Every structure is written in C-alpha cells, then in structure tokens.
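Peer 1: Here it is: the structure, laid out below.
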Amino acid sequence: MGIQESNIILFDNVQPSIIALPTTWLVEAGFSAVVVIFSKKRSKLDVNNRGIMRLRLNKLIEIDYDSLCNTHNAKAVMCFGSAVYSNTIYHCGDPKVASKNNKEMFQFWEIMATQSIHLKGIVRCFPFDDHNPPLFEMIDQCCKNLRQWLSEDIDNVVVIHCKAGKGRTGVIISAYLLFTNMFHTASDALAFYDKTRTSDHKGVTIPSQRRYVEYYHKTLYSPKDYSLIPMFITEIIIDHPPFVASLYIVVSERNNILYTSKEYTIPKNTQITIALPTPLKVEGDINLEFYTKSILVKGKLCNYWFNTFFVKNENDANVVVNDFFYLLTYKKNEIDKAVKDKDEKIFNNEFQVTTKMIAELED
C-alpha cells in the first residue's frame, strides 16, 4: 500500500526505515524545516521502505544525515511555505504512519524567535534570532531537556525546527553532541555536523554561533559555574576599518540596546578609536553591531557576539590582559557578515576590532 504525500512528513528518505507523521500536526504551526533526533535503538517506528523517494522541488536542498552518531540519528526535510512536506513518494511499501499513540513519543523543539506555535503540549520553545547565537544559558537548558526526553523512553523522538534547519539547528545539535560526550572538542562536533549536514561542509558558518558552541564546551570542563559577570567597555578600536565614509556602533545586552554611538567619519589612517563617554557596564551576552549611513552602502555592516564570563575568566582565546584592561580582539574571519566578504569589497582582510574592557570601576 502506498502513502499519499498529503498525509505524511518524511523525515528519512534514504535509509531502509522511515518515520512518517500526519501533516495535520504541523501545518497549522507553519513549520518550514525540521530536524529529528532519535535513538538508533528505537523499535516501534522501524518499517521497511521498498520504494524510491524523489525531491519534489529541485530548488529545495535535501538534508540527509546518514547518522548523527553511534547512538542517535538526525534526519531532516526541507519544506516550502505552509506545505510541510517536500518529497513525492513513489511505491512506498507499508510504512507505519504515526498514529495518535505514536504522537506521544514526539516532542518538538521550536528555536525560531518569530514562529507562532499552535501544537499545545508537545512543543518546547527555545527561541533565538536567525543568524545569531542563542542566549548562553539557553544552550544548557536545551541540552538538558533533550537528554531528559530522549532518556525517558527508547522510542522518544525530538523534532528540532528552525527556518532552514542549518545554522541555529547546528548550534543546538553540536552542543548536544558535546553535552552527551559524543565528541570531546567543539571543533570536532562542529566539523562532524558541517560534514553530515552539507555537501560543502558549510553547516554552522556564522562566527558568533560557532563561538558559542566553543563557549559551551568550555563550561562542560570548567571548575567554575557559569554566571553573569559584569564588565565595563571603555573603547572600541577598529583596525583597517571598512571602506565606507562613516560608521557608528550599537552595543546590546541580551538584545536590549545599551548604547548607540555618534557617527564617525572614516579617516585615512588605518585605525579608529571610539572612546565611550563613560565606561559602559555589560554582563552576559553582548552584541556589538556596526552600521553605516553612507550613500553606496547603508545599514548593518557587521557584528559579533561575546559573553563577559569568558572574557573575565580568560576562556576566550582572543582575550589579552594588559594591566587592568581586558582586550578582546576579533579578526575579519571571526566577525559575522565581514567573514563573507572574500573579495574585500567592504572589509580589508586585515580588518579587526578590539573591545577594551575593565572588570571593575575605580573608586
């Protein structure tokens, strides 16, 4: 007996076993891409697939993880608009479509900040914005929730949803690989995800997202418990500034704007120092954004996230302590958006930014 594509979502379209869910569970929620994590030892959902799966829309990228690790699998399907399915299924042989009983085995992890969820009771929300890392505390909360749900029953399944199922999903999955000791370095976890998620090894590409996976790995082996550490920004030093007429900076803490500078004209020399009028207190997740109002280029130029806990404890490899100052320097390839400018249209390859901070104010 075949399956009507309007009745199922196909999560695994290569391996002999497949998972299928009624689209009615997800259509109203507007899911656009999902990644599934489940135990390889699961038994209730294993079925034989004697058919051939084909991608219905050529422009949609088929995501297939052959295996996430020895004990877990991750599968994904791209969707288009409100159509939650994206594969046409030919000659599928008697797959077991998830019933109301099977529905109890699924939990949906929503990580889109803009998504409106209507699946009451089976959705857990860990929202953060596209092209950004999550708030640091959220990573550990998500990993612990994932482990709890997957360990409650061998057949439990986690469905992780974000817009494209790549960057934000990769942050969570890479962190979970570290949390469960499947990998022991952030670079290995990220490399594994990049390799299995994409053909060009470009899974998690945004520097700040990769940085936060590295941060999380460090807390797993650190004797110090994570906490919000206050620090004070005194200067922003830009070496080899972008090729624009002027720029200004915006400093945000946990998505709340703390400071917006005046607009600075780009000088002919190779460095700009933006001295804050008074030391700016920041703690936790900090985002520095660079904007321009130039005629040819307008809007946000680049940005980077960091966390003060790792600056103060010198767990960020980019930190240098000089007297009482903590100098946090990121080069072009470590700064979001700037890293993509391979042809140096806006950013010189020597472009870098140093955030100068102190841990305490003098009396």
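Every residue gets a Cβ built from N, Cα and C, even glycine.
Whatever TrEMBL says is automated annotation, not expert-curated.
Residues or ranges marked as domain 'Phosphatase tensin-type' by TrEMBL: 1-223. As annotated by TrEMBL, domain 'Tyrosine specific protein phosphatases' applies to 133-211. The domain 'C2 tensin-type' feature in TrEMBL is assigned to 228-360.
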Peer 1: Do you know the DSSP helix, strand and coil residue counts for the domain 'C2 tensin-type' (228-360)?
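Peer 2: Per-class counts: 11 helix, 74 strand, 48 coil.
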Peer 1: What is the number of residues in the domain 'Tyrosine specific protein phosphatases' (133-211) that are helix, strand and coil, as DSSP sees it?
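Peer 2: Each residue of the domain 'Tyrosine specific protein phosphatases' (133-211) counted once, the result is 47 helix, 5 strand, 27 coil.
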Peer 1: How does the model score the domain 'Tyrosine specific protein phosphatases' (133-211) in terms of mean pLDDT?
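Peer 2: Here the predicted model's pLDDT, averaged over the domain 'Tyrosine specific protein phosphatases' (133-211), is 83.
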